[in-house]
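A.B. asks: I am attaching a structure below and will ask some questions about it afterwards.
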Amino acid sequence: MNWLMVVLGALAGAPLRYLTDRAVQVRHTTVFPWGTFGVNVTACALLGFLTGATTAATVPPALQHLVGPGLCATLSTYSTYSFETLRLAEAGAKFFAAANALVSVLAGLGAAYLAGALATALLG
Amino acid sequence: MTREHPEDDAPAPGPEPKPTGWAAEPADPDTAIDPWPPKPGRPSRTPAREQAAILSVIALGGALGACARYGATLIWPTDPTAFPWTTFWTNVSGCAAMGVLMVLITERFTVHPLVRPFLGTGVLGGFTTFSTATIDTQRLLDGGRLATALLYVSATLAAALAAVWAAAALTRRAVV
């Protein structure tokens, strides 16, 4: 059951990451990879909400697996994030490379904490 | 990055060498399916059939990658207060594989157009995870493990970048 939930979450998460990334990337002309940044921070917020909800209330394990290792973990990506950071640095955009590396981490953590607090406020 | 103004520059000695391999491609590998650079104005549209095939292989690859990652967490469970080695190695190995893949498909072989969405966006994108790493960090911080949290964030980032770079460099030496 847990495996099935992970697969179902991933079947939605991976195409959503691709579609969101592309939808964002055609709407700006900067070199900053806003698409990957956006999906990663969104996934952190969702997973932060789930973590907060699991602490504040009873969340069925099936739902936890669907949203956690299934949807959120697959929606976010580390391989594309680090590849894009390296490509920015190689292309001479050192500032954007460093900004992408650091701001993604900080924004992800901030989103996780805010969403966790929201879950606690709603369900606690 | 600012746009270059050729008229402001001193006369160039000759035409600039054209970037080749992955240097010729956009930083975001997911946008490389479209012609690059994009034509100004309306976003380019991929035909519906092609788009459906791309989305299908991404979903399939994502499910495979997620199963491998989830399986790893079952085989090597991590104590909530300890350094999250399983997620660390998942992300670092996925980044190394990304370095190998991108060199192979942009500099060595001409592959079927669905190979990159399947392996890069699907399998490796689904295998690696930014959100789990972030929640690992949050859990360490909440548990008062400030030093472990800082070490985990910086070590994952440094090792992931080093893995992409080193894997790409080694692959180039070996096959290109």
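Every residue gets a Cβ built from N, Cα and C, even glycine.
Below are the features listed in TrEMBL for this protein:
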| type | residues | note |
| --- | --- | --- |
| BINDING | B:Gly125, B:Thr128 | Na(+) binding site |
| REGION | B:1-48 | region 'Disordered' |
| TRANSMEM | B:52-76 | transmembrane segment |
| TRANSMEM | B:88-106 | transmembrane segment |
| TRANSMEM | B:118-135 | transmembrane segment |
| TRANSMEM | B:147-170 | transmembrane segment |
A.B. asks: Helix, strand or coil for B:Thr128 (Na(+) binding site)? Use DSSP.
C.D. replies: coil
A.B. asks: Counting across all protein chains present, how many other Cβ atoms fall within 10 Å of the Cβ of B:Gly125 (Na(+) binding site)?
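C.D. replies: The answer is 35.
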A.B. asks: Suppose we draw a 10 Å sphere around the Cβ of B:Thr128 (Na(+) binding site). How many other Cβ atoms does it contain, all chains included?
C.D. replies: 30
